[in-house]
Amino acid sequence: MAKAYDHLFKLLLIGDSGVGKTCLIIRFAEDNFNNTYISTIGIDFRIRTVDIEGKKIKLQVWDTAGQERFKTITTAYYRGAMGIILVYDITDEKSFENIQNWMKSIKENASAGVERLLLGNKCDMEAKRKVQKEQADKLAREHGIRFFETSAKSSMNVDEAFSSLARDILLKSGGRRLKNNNKPPSTDLKTCDKKNTNKCSLA
């Protein structure tokens with residue numbers, strides 16, 4: 001019996017507690033938003049199959065707890081990840097500053113050459129912005145990775161971010177040469193909606 005997919009990619013979302021990791025995953029996997037999710041304890045995952053350049057890619061997206069007390073649990077899941085999304089909250093400067101610590105954690109625990117992507121969430125809360133887009137863009141370029149600002153609430157750039165990472169993994173894993181793969185690593189596809197003010201405050 002033929003498989004329902006061509007490739008299986010394990011993705012991992014990391015970042016401080018409260019940046020909206022769970023909301024992003026639920027938005028991507030189920031196209032749903034609820035700001036009453038219980039903060040993740042340990043590890044949970046969702047699955048969605050997407051079409052990338054004619055290939056069916058099954059994405060297994062793992063949600064991790066951001067609290068330091070769960071760090072050992074999170075670390076156990078780094079090694080099998082083919083792509084890691086580092087998430088911060090644009091209204092929380094500390095969560096952005098801690099991205100450097102999460103980068104260090106990836107270097108110490110993940111497989112060499114794992115694909116990474118920087119993601120600034122809650123861009124629907126422009127009035128409360130504390131982290132400027134230029135700051136994150138600079139950080140992403142320093143590390144040679146892509147950057148998106150997203151809103152789990154409005155769904156802005158969520159699919160684009162996950163699909164971009166999946167394309168990069170497919171290319172690296174020997175997929176046929178993809179279109180537009182010479183574009184700079186930092187991308188911002190759309191302007192985020194500034195009207196919505198509700199947030200997903202849980203991890």
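Positions of Cβ are set from backbone N, Cα and C atoms, glycine also.
Bear in mind that the values here come from a model prediction, so they are computed numbers and not experimental data.
Feature annotations, courtesy of Swiss-Prot:
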| type | residues | note |
| --- | --- | --- |
| BINDING | Ser17, Gly18, Gly20, Lys21, Thr22, Cys23, Thr40, Gly66, Asn121, Lys122, Asp124, Ala152, Lys153 | GTP binding site |
| BINDING | Thr22, Thr40, Asp63 | Mg(2+) binding site |
| LIPID | Cys200 | S-geranylgeranyl cysteine |
| MOTIF | 31-45 | motif 'Switch 1' |
| MOTIF | 63-80 | motif 'Switch 2' |
Seminar exercise, completed: CA pair Asp63 (Mg(2+) binding site) / Asp124 (GTP binding site), Å rounded to integer, equals 22
Exercise. In the predicted model, what is the mean pLDDT computed over the motif 'Switch 1' (31-45)?
Worked result: 69
For this session: Name the secondary structure element type, per DSSP in three states, that contains Asp124 (GTP binding site).
Result: coil
Exercise. Hey, of the binding-site residues listed (Ser17, Thr22, Asn121), which one tops the CB count within 10 A?
Worked result: Asn121
For this session: Could you check what DSSP calls Asp63 (Mg(2+) binding site) once collapsed to helix, strand or coil?
Result: strand
